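Take a look at the structure below.
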Amino acid sequence: MSTFEAQLFSEIDKLRVQLMNNVDFKAESQRSVGEISPDEILTRIEGVILGIVTSLSRDEVPILVLPNRSSLANVSFDSAVGLQMSSERSVTSVRSDCPSSVTKFAQILKILSVIYRLVQSNSYATKRDIYYNNTQLFGSQRTVDSIIDDMSCMLKVPRRSLHVLATSKGLISGDLCYLEEDGTRIDCHSNSAAVSVSPNIAGIRNIVSSAKFIMIVEKDATFQRLLDDDFCTKLSPCIIITGKGVPDVNSRLMVRKLWDTLHIPIFALVDADPHGTEDISECRSV
């Protein structure tokens, strides 16, 4: 190892020690305690269905009331979790007797039934899987994506707690091994090819790594160049990850998972423009 590399790793080690001293373990434990149990999610879905059945029994028109996600009145900032839906000051009503909303009413009930089965059986599906479950009813993938976000707000739970996953586009490589929820062992040490970021970050366990830092790379082309140049070997041990442009949710969650587990410095290699700054902000917002 050259003198420069030794000095570099020495500075990284100092930064890691400083970060460890500043970690708010209490806040992180509160975050995990606040997670909603599957039974509670099932109860909330049953409450929605019970409301519909009750309306029908009274010969009333069933109406679903959803928080308006486009209204800033429903959004607040919490320093512990970031932006979150805080209230239902502004809502949208979906009526079952209105020609303009009856289709959406049926789509919501269909997706609620799918989510209920997924949570009940402790299984997972991607948003793409749900769309292909009934393409004629949904019409487009965008419709499914929007309704799932509505369900997350209505039930007041994160989307990943609904057992609905987004297809990952991110890649990761370096000094890292872990187990998927199904027991599959993932080894990211390969120099020639990266590993796709898992679609189920919450299910990852037994993370093993001696990496001294994590490098977030904005552009896929730059990531591939670093991979071809054996960056992780020459500057080992480290981990590099890319969201291929604007990072998807799973790539952002993976970065958070690694930080929560390893507590090592995280650097970013991005363009010096507003888009690069936005990518950094996206990763920090999880």
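Placement of Cβ uses the backbone N, Cα and C atoms for every residue, glycine included.
Copied over from TrEMBL:
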{"type": "DOMAIN", "residues": "103-164", "note": "domain 'Spo11/DNA topoisomerase VI subunit A N-terminal'"}
{"type": "ACT_SITE", "residues": "Tyr132", "note": "active site, O-(5'-phospho-DNA)-tyrosine intermediate"}
{"type": "DOMAIN", "residues": "213-280", "note": "domain 'Topoisomerase 6 subunit A/Spo11 TOPRIM'"}
DSSP-wise, what's the residue breakdown of the domain 'Spo11/DNA topoisomerase VI subunit A N-terminal' (103-164) into helix, strand and coil? 49 helix, 3 strand, 10 coil
How many other Cβ atoms sit within 10 Å of the Cβ of Tyr132 (active site, O-(5'-phospho-DNA)-tyrosine intermediate)? 12
